[in-house]
Amino acid sequence: MQLTLEFGGGLELLCDSVKIHNVNVNPENGAAKLIMKDLLAWVRANLIKERPEMFMKGDSVRPGILVLVNDCDWELSGQLDTTLEEKDNVVFISTLHGG
Amino acid sequence: MEANGGDVARIRSELKSLKAAKSDIETRISGLEAQLRDLTLLNASTVSNGSVTGDSSCNHELSPDMIYRYSRHLLLPSFGVQGQSNILKSSILVIGAGGLGSPALLYLAASGVGRLGVVDHDIVELNNMHRQVIHTESFIGQPKVKSAATACRSINSMIKIVEHQVALRTSNALEILNQYDIIVDATDNAPSRYMISDCCVVLGKPLVSGAALGLEGQLTVYNYNGGPCYRCLFPTPPPTTACQRCADSGVLGIVPGIIGCLQALEAIKIASAIGEPLSGRMLLFDALSARIRTVKIRGRSLDCEVCGENAAFTQKQFRDFDYERFTQSRLSTAPSKLNLLPAESRISSRELMEKIVKGEPYVLVDVRPEHHFRIVSLPNAVNIPLSSLEARLPEISCALNKEGITDSEKGANLYVVCRRGNDSQRAVQILHSKGFTSARDITGGLEAWARDVDPKFPTY
């Protein structure tokens, strides 16, 4: 499944300072669909190069990170259970505090 | 040389007396301006009562001066007299007169917000000027609130500007925010953002929230018309390591400028009751790719501890809430000062200078990131950023050997420096654990060096 993953608000620093990643991720172990929980595990294993604790806490993202699936807060689509589809765009963005 | 010295003294003394005279004149000017303002406002209200205008007929309260000043607003069919009248009657508080607050305040003053408040307790510094465009060089060393208010008054003498030269805390926030219709969060740290949002929920005020760092910005409106508050979105504070500051990570000056302008726009939309405020949505700005995306965010959370269904967050609870403890970070942006090492593992910049003067062999490791090292560094320093320290220990052994410092001394005369003396302590902890048991850090880092040893050494 082709997905576009974007990292912002400083999270790109955890993956070699690359903001946009066009990736191919497929459901594992014969699962019928790919959900956000699977994608997070995949991202952690394949894209996060340093300080994984700055990206994840337990199964989910750490506090202060917004996750957007097709420009929509994942809270509105089922969070970790959100089902992903071909060509979906997933954004991980760390909230900023500076000014 | 002597004649030169005499000139310098003469110029300094002349500058001093001119500055004193200037300050005196400025005080008199602002006094007169205040008088004039009050008289103008009085006249404006007299004129708008209708009797003086005689034959001109208008069913609004705009004086001829106001009609002329705001004519381009009045010409907008979707804004017009009603929108402008609403703005003139509104009151807006901008918290923070920094990178975000600067443009926000300038545009809010220009657009005629009836009462415009500004909160800040900082003073204007030279390293603010690249982004905090409301301030001018002549205000360096003076309170930001005074500088910002002066700039706003020079743009629009018809509105009321209120100066709150205080640090916003739970003890004074309710009282200050309660005086305004709309709040603009232009602060720069996590605890302030939670505190301001909670205060807005308690008082029922809409909050225009902006943030910027590096080359990115974010903007949204909280607690507006049933929309979410900051805590609905971020119920748990992020780890402190995820809260970067402009003073550490840098910021391109225009980025907070753009977000600050957008904050003013959202505040003007709410004040004038036109358009769709950015509630339930968030605007993300990426300067490098020139992309602005607006995304849909969650609505008010029923479980929110502050604004949710069963939340009973009262004014008293707000006053007693410890936001610094909640977020594990300081309300002021003063950099933290760690104290991780025993005294014998530290050396002052003066002591190091004495050793260098005596000609003692030493190795100095600068653990700042490479782009910091490129700004300025001490002579003979080797740059090994903290993040790669463990991998590059052989380079340190090699440097020690080259200086003739034997292994038996286990890193005697091995010194570590960073910008302020925090990372250098972390580095020394690593070095100690790897056998360099005599490594020491320079207390206070390069900032201490500049302060105590070499005042000409650049700081940033």
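Note that Cβ sites are derived from N, Cα and C of the backbone, with glycine treated the same way.
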Which of B:GLY99, B:GLY101, B:GLY204, B:GLY210 belongs with B:ASP120, B:ASN127, B:ASN128, B:MET129, B:HIS130, B:ARG131, B:LYS144, B:ASP188, B:ASN189 in the ATP site listed by TrEMBL: B:GLY99
Of B:8-42, B:148-182, B:253-287, the range TrEMBL labels coiled coil: B:8-42
Cβ-centroid neighbours of Zn(2+) site B:CYS229, B:CYS232, B:CYS304, B:CYS307, 8 Å, sequence order: B:VAL201, B:TYR222, B:ASN223, B:PRO228, B:TYR230, B:ARG231, B:LEU233, B:ARG300, B:SER301, B:GLU305, B:VAL306, B:GLY308, B:ALA311
Listed recorded positions (B:CYS229, B:CYS246, B:CYS304, B:CYS307) that sit near chain A [CB under 8 A]: B:CYS246
Mean per-residue pLDDT computed across the domain 'Rhodanese' (B:358-458): 91
Positions whose Cβ lies under 8 angstroms from the coiled coil (B:8-42), at least six residues beyond its ends: 65, 150, 153, 157-158, 160
For B:CYS232 (Zn(2+) binding site): intrachain residues, at least 6 apart, with Cβ closer than 8 Å: B:ARG298, B:GLY299, B:ARG300, B:SER301, B:CYS304, B:CYS307, B:GLY308
